[in-house]
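Colleague: According to TrEMBL, the protein has these features:
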type     : residues  : note
TRANSMEM : B:12-35   : transmembrane segment
TRANSMEM : B:67-87   : transmembrane segment
TRANSMEM : B:99-117  : transmembrane segment
TRANSMEM : B:150-167 : transmembrane segment
TRANSMEM : B:199-221 : transmembrane segment
TRANSMEM : B:233-257 : transmembrane segment
TRANSMEM : B:269-285 : transmembrane segment
Amino acid sequence: MLSVQNVTAGYEQSVVLENVSINAQKGAVTAVLGRNGVGKTTLIKSIIGLIKPMAGKIEWEDEDITSLPPEERVRKGIGYVPQGREIFSTLTVEENLLLGFEALSKKVNPAQILAEIYELFPILKEMLHRKGGDLSGGQQQQLAIARALIGQPKLLLLDEPMEGIQPSIVQLIRDVIVKIAKEKMVGIVLVEHSLDLAFSCADYFYIFDRGTVVAQGRVSETNMNDIQQFLTV
Amino acid sequence: MSVVITQVFNGFSLGSILLFVAIGLAVTFGLMGVINMAHGELIMVGAYMTYVVQQIFAKYAPQSMGYYFFIAIPVAFFVSALLGWGLEKILIRHLYHRPLDSLLATWGVSLILQQIARTIFGAPNVAVLPPEWLDGGVRIAGVVFPYKRLFILVFVILSIFALYIYLTKTPAGRRIRAVTLNRDMASCLGISTRKVDAYAFAIGSGFAGLAGCALTLLGPIGPTIGTYYIVDAFMVVILGGVGKLIGTVLGAFGIGLVSTLMEYSTSATMAKVMMFALIIAFLQWKPSGLVSVKTRSLD
Ligand SMILES: Nc1ncnc2c1ncn2[C@@H]1O[C@H](COP(=O)(O)OP(=O)(O)OP(=O)(O)O)[C@@H](O)[C@H]1O
Ligand SMILES: [Mg+2]
């Protein structure tokens, strides 16, 4: 459903990704692994449209979206949770959540969507009137995921959602990921550092090193020990 | 005692006028970061629109002359807003992140607009007759408060309140704040940042039109009325702290009060020079202005 084809991308002077191809399927969790600085965030930003690839093509539901701006990709059903969460810190939690509805062009029942979100993340309901910036890291992460889910994405890009978060919240976020993939058939691209964590919930994986894919496959058919070498520092 | 009350009232009155010319700028410069030198001419357009509406009333509906002002308010707002919207579409959108270019380009636009005004309405000032019901004033404790000044004070308070409600309570206002805070993230939530830029700019321009409308109550208007206020408007926004409405309000009334007090003790020109010196000194001490964006409690 998402197909990144031979993408080369980077920043002004430096090329970060070279000739990268990956796919992500509906209802499946696709893990993107790799050490610091190998280009995982660059890949995610290329998929959402914050970075224009220098070469290659990005297809979404059989349509070429390579030149569309982020807002149009989001309206086509791609949700994005950036590394570092990017909560609007002076807006309230409620306002942050309401901004999630911007992705939806058709008429929806906000109450019903919000009820589902509060069920996944009960803490948010208690904090509606707090400023986003006053939340703890784990709470902000839940808010960022909730905000993206409100847009009812068919594909959700999660850039290191477990980074710097206490184990109980990691567990909660992991469960939410599995749940929306299996119950709502949402495709998930999960950027992760930890191989254990990624393998505990992913169906497919890609391992990056220095801007290229060095290993890929089905989680169920892969022995973790065989790929550990790409991740140890 | 009555001297003090008069001075304080004059200070608030001047503050209300400064606030009016600065509200629109608080949006386009304060929130969006565009140095729009044509802001003064958008004020001028609002003033001339008020003049036009009055002329139309005088010709076609002299019996309801007293109400022309209430038609002039929306007309001034929408014409200036439309002009600002066009300006953003044609020119400014290509110059975001290029402050010097946008400064020069909008300065050029301001000259063009002044010339157009001269061509249409002539170079001399024209007088707009304020509605009769604004003649006179209330006398309290031996001090006369002119209705016109009171009206402007109420008008500006209602305007800034409307802007505040728009920004904080409506979905469109929420989009503007989101884009201001984090443009990339806003677009990654499905917000069309281009559209938001265009209508935020239109709204800022519309408020300039309202200011022009209010200025007609104080005296004759001419093609260069905008240049007279543009520096003051930037001063207010910068002193108040870029990006915060409450800062603009404090900045305007602060400058208004201090200016009138200084004018009372020296001459008007001297007061203006001293006011500028004071503002510059204050900004040396607090470069981000009265209300800095990082303050969480004041919104
Ligand atoms: N805005 C930028 N301008 C220039 N270079 C950048 C920019 N952002 C990242 N880079 C460089 O691009 C490379 C890849 O960065 P990227 O953020 O994609 O890595 P990552 O795999 O997400 O790392 P991490 O695991 O630390 O998040 C790094 O060498 C980084 O220094
Ligand atoms: Mg990263």
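Each residue, glycine too, has its Cβ placed from N, Cα and C.
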Colleague: Take the transmembrane segment (B:99-117) and find every residue of the same chain, 6 or more past its ends, with a Cβ under 8 Å from one of its Cβ atoms.
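Modeller: Cβ under 8 Å, 6 or more out: 33-41, 44-45, 48, 87, 91-92, 223-224, 226-227.
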Colleague: Grab the same-chain neighbours of the transmembrane segment (B:150-167) for me: Cβ-Cβ under 8 Å, and only residues 6 or more beyond its ends, written as numbers and ranges.
Modeller: 12-13, 16-17, 19-20, 23, 27, 134, 137-138, 173, 176-177, 203, 207, 210, 214, 217-218, 245, 249
Colleague: Ranking B:199-221, B:233-257, B:269-285 by Cβ pairs under 8 Å to the transmembrane segment (B:12-35), which is first?
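Modeller: Looking only at B:199-221, B:233-257, B:269-285, the most contacts with the transmembrane segment (B:12-35) come from B:233-257.
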Colleague: With Cβ-Cβ distances below 8 Å as the criterion, list the same-chain residues six or more beyond the ends of the transmembrane segment (B:199-221) that contact it, or say none.
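Modeller: Same-chain residues near the transmembrane segment (B:199-221) but 6 or more away: 17, 20-21, 23-28, 31-32, 34, 36, 39-40, 42-51, 69, 72-73, 76-85, 87-88, 92, 125-128, 130, 134, 148, 151-152, 155-156, 159, 163, 166, 172, 176, 179, 229.
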